[in-house]
Amino acid sequence: MDIEKYSERVRGFLQSAQTYALAEGHQQFTPEHVLKVLLDDDQGMAASLIERAGGNAREAKVGTAAALAKLPKVTGGNGSVYLSQPLAKVFTAAEDAAKKAGDSFVTVERLLLALAIESSAATASILSKAGVTPTKLNQVINEIRKGRTADSANAEQGFDSLKKYARDLTAEAREGKLDPVIGRDDEIRRTIQVLSRRTKNNPVLIGEPGVGKTAIAEGLALRIVNGDVPESLKDKRLMALDMGALIAGAKFRGEFEERLKAVLNEVRSEGGEIILFIDEMHTLVGAGKADGAMDASNLLKPALARGELHCVGATTLDEYRKHVEKDAALARRFQPVMVEEPTVEDTISILRGLKEKYEQHHKVRISDSALVAAAALSNRYITDRFLPDKAIDLMDEAASRLRMQVDSKPEELDELDRRVIQLKIEREALKKETDVSSKDRLAKLELDLSSLEEEAAALTARWQAEKQKLGQAADLKKQLDEARNELQIAQRKGEFQRAGELAYGVIPNLEKELAEAESQDGASANPMVQEVVTPDNIAHIVSRWTGIPVDKMLEGERDKLLRMEDELAKWVVGQGDAVQAVSRAVRRSRAGLQDPNRPIGSFIFLGPTGVGKTELTKALARFLFDDETALMRIDMSEYMEKHSVARLIGAPPGYVGYEEGGALTESVRRRPYQVVLFDEIEKAHPDVFNVLLQVLDDGRLTDGQGRTVDFKNTMIIMTSNLGAEYLTALGENEDSDAVRDQVMEVVRAAFRPEFLNRVDEIILFHRLRRSEMGAIVDIQLERLRKLLSDRKITLELEDDARVFLADRGYDPAYGARPLKRAIQKYVQDPLAEKVLQGEFPDGSVIKVVAGSDRLNFKRGAGANKEAA
């Protein structure tokens, strides 16, 4: 026996078999050891050969295990095994068979054939009992080989390579494993048209990710199976090439090329009966390329040019431009077929076609209105992905969430069960008590417990019954789907008797049973289990994905929106017009009456410093999100240079920071529903506003990397001090129309008409009146109280102290900011000293009263001692 005459895989198997014999304590290395290792192989080549030869691989495995169990075992041996006589004869038989077939190396299939032929080996009888004859096995080997010989140590990789490195889409279509393909007739027809050409008959499907390129290939496979193709494509096989499997494990140089050549040779030998589908076609360019080696695309070019290889490619627009178009020789061998994103109406049709498969998988029903909502909401709110993929994902996740709810215990039952457990614990505690009152309580508790247990048992039974009904409907759907598949197979095979039984007997009966089961599901007036996916479920998933509140408003939220002015007025004093304008925009948006192609609202807040422009924006973020941090604040004083616009939308290609994206665009991409504040806009360079034109008009902006960012769910607020001198000069009771005209003149001089024309409303903030200062004092002190609440210190302000602070903090030219300084000077600073001196320990109540030129702090009721 010359080990060099054996292929790499056979050598590996023999090594494994020898190791196994040693581990088991067998003294002899027998054919049974070799057969066991061959049958245990992950890739299952030997098992596959046995099955194809009409044998039973499982039976062969059992027989081998039984034979090995009979072999004598030796313990404490010298750690070596001896080659048995039968195995030596098997090796000789394998070498003879290889020589006879013209092979340079003994391969796995020749070794298996020798194990079946050599009568002195126990493996011959094992394989014979499993139903394998040497003649049939030899026949199968010749079918796989197709006249090719093993002339390299890795020869096995070249045999039956399509089965290893490709999926048969037509076989999957025949078995009903592919999802139905709805619409896309034009693209499939165009693909068939290109495939039917004499030369350059290789279409490449080009489109955005998620528009259904792979689905078109599956649609072609379904058409081939149904015979709905021209004569030139009838009975062809569509095989999807798996580039990952081709590359994986190719350790040595030339191994990848050898595998790919084997695939191409097999396709060529079929005489045009195989169409190769290469998904993610751009992976061909550069695949397997190493120093001096050819990549996959160069290996394909000659076969494509000669028309020996029928190929359908699929890739995205970006990848096609980046990889395939650069290689002009490869690009010209393919004929592009553009796959456009379907419309919302087409997407609804696609979802209706897929609905049954998803209902069957999740075991819930999906309403038609949910499909319409999935298409419409995904189109409107999920802007960075494409239809129909995003709509299908929405439907899938909504059904998955509902299934989880069905499998979980209903809330009312869960509460009952917890109450029962609580009462049982109380009962055990009361049993230990001997007094009369405890015994009375125990008797009452026993009554409560028994009634609760009865209620829980009834609810559990009802829940289980509803779940069971749902399960029955799902099982019927599965049976119906299998029957329809069987009908199609019977029609294709010409088994008309079976087809008639299915079409006029089995299928109508199943449909009737399913209709009855579904009508019973909906019969309950108040079901515990929701079994239908509704538009609300879809809206909830959209809200989870994007953070945009799409789902149905609860009663509490409606009331909150109707009282929005009152809520905002708690934080912003004296600016009724501004509060109303902002509130109207939010209500319009949440009621669904907002223009879907523009931001929720865009406002310019004009007014002197310190009157509440930025404060109103913060209050709005707090109202909408219960969180001030949901505010994207951009200080325009940082954008005084022309080039600084790159910081907003991201640096262009070739500049430092290109990969990082822009401050504005990245924030809105991650959180599409937020308030964007451009503070002090008059300080920015005028060219910065050119970027905002399409945001204000179309609700979108293209960032430095060419991605479109959606601003349709943002509220854009810009603040400015322009014309503040006119507003400051305005008296308390003067007419503001003339002042407004003066302010607008200044604004028009500072900003271009096309910018101002796109803003929804320009709102003037009035200077603060003395009468409004008391309310602002309360707002500012509320913040101080929150800081003190950590130390359980309560701050109580007398009316005279409030007036004192309002007087000291009022300055018409500077708004409310001097009040902050007054509170800091007269309240925070002296209070900080007293707290540090220990005058007001934790838990104190501090009363603040006005003095002549300062505020006095006194320990209030509830304190341990008096302090002046």
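Cβ coordinates are placed from backbone N, Cα and C, and glycine is handled just like the others.
Fair warning: this is a prediction, and the values are worked out from it, not measured in the lab.
Around Lys213 (ATP 1 binding site), the same-chain residues six or more apart in sequence whose CB sits under 8 Å from its CB are Leu205, Ile206, Gly207, Asp279, Ala314, Thr315, Val339, listed in sequence order. Secondary structure at Lys213 (ATP 1 binding site), as computed by DSSP, is helix. Summarising the annotation, Swiss-Prot assigns ATP 1 binding site to Gly207, Glu208, Pro209, Gly210, Val211, Gly212, Lys213, Thr214.
Annotation note: Pro608 (ATP 2 binding site) sits in a coil segment as assigned by DSSP. Of all Cβ atoms in the shown protein chains, 23 besides its own fall within 10 Å of the Cβ of Pro608 (ATP 2 binding site). Marked as ATP 2 binding site by Swiss-Prot: Gly607, Pro608, Thr609, Gly610, Val611, Gly612, Lys613, Thr614.
Look at Swiss-Prot and you will find 392-526 tagged as coiled coil, backed by similarity to another entry.
Here Swiss-Prot flags 3-147 as domain 'Clp R', drawing on sequence analysis.
The region 'Repeat 1' feature in Swiss-Prot is assigned to 6-71.
What Swiss-Prot records for 83-147 is region 'Repeat 2'.
The annotation region 'NBD1' is assigned in Swiss-Prot to 160-341.
Residues or ranges marked as region 'Linker' by Swiss-Prot: 342-547.
The region 'NBD2' feature in Swiss-Prot is assigned to 557-767.
Annotated region 'C-terminal' per Swiss-Prot: 768-868, in sequence order.
Other than Gly607, Pro608, Thr609, Gly610, Val611, Gly612, Lys613, Thr614, the residues of this chain whose Cβ falls within 8 Å of the Cβ centroid of the ATP 2 site are, in sequence order, Phe605, Glu615, Thr719, Asn721, Phe765, Gly815, Ala816. The helix, strand and coil residue counts that DSSP assigns across the region 'Repeat 2' (83-147) are 47 helix, 2 strand, 16 coil.
Within the region 'Repeat 1' (6-71), the DSSP-based counts of helix, strand and coil residues read 48 helix, 4 strand, 14 coil.
Note: the CA-CA distance between Thr609 (ATP 2 binding site) and Gly212 (ATP 1 binding site) rounds to 55 Å.
When the C-alpha distances from Val211 (ATP 1 binding site) to the binding-site residues Gly607, Val611, Lys613 are tabulated, the minimum falls on Lys613. Helix, strand and coil counts from DSSP across the region 'C-terminal' (768-868) read 52 helix, 17 strand, 32 coil. Cβ-based neighbour count (10 Å, all protein chains) for Val211 (ATP 1 binding site) stands at 23. Neighbour density around each Cβ, counted as other Cβ atoms within 10 Å, peaks among the binding-site residues Gly212, Gly612 at Gly212.
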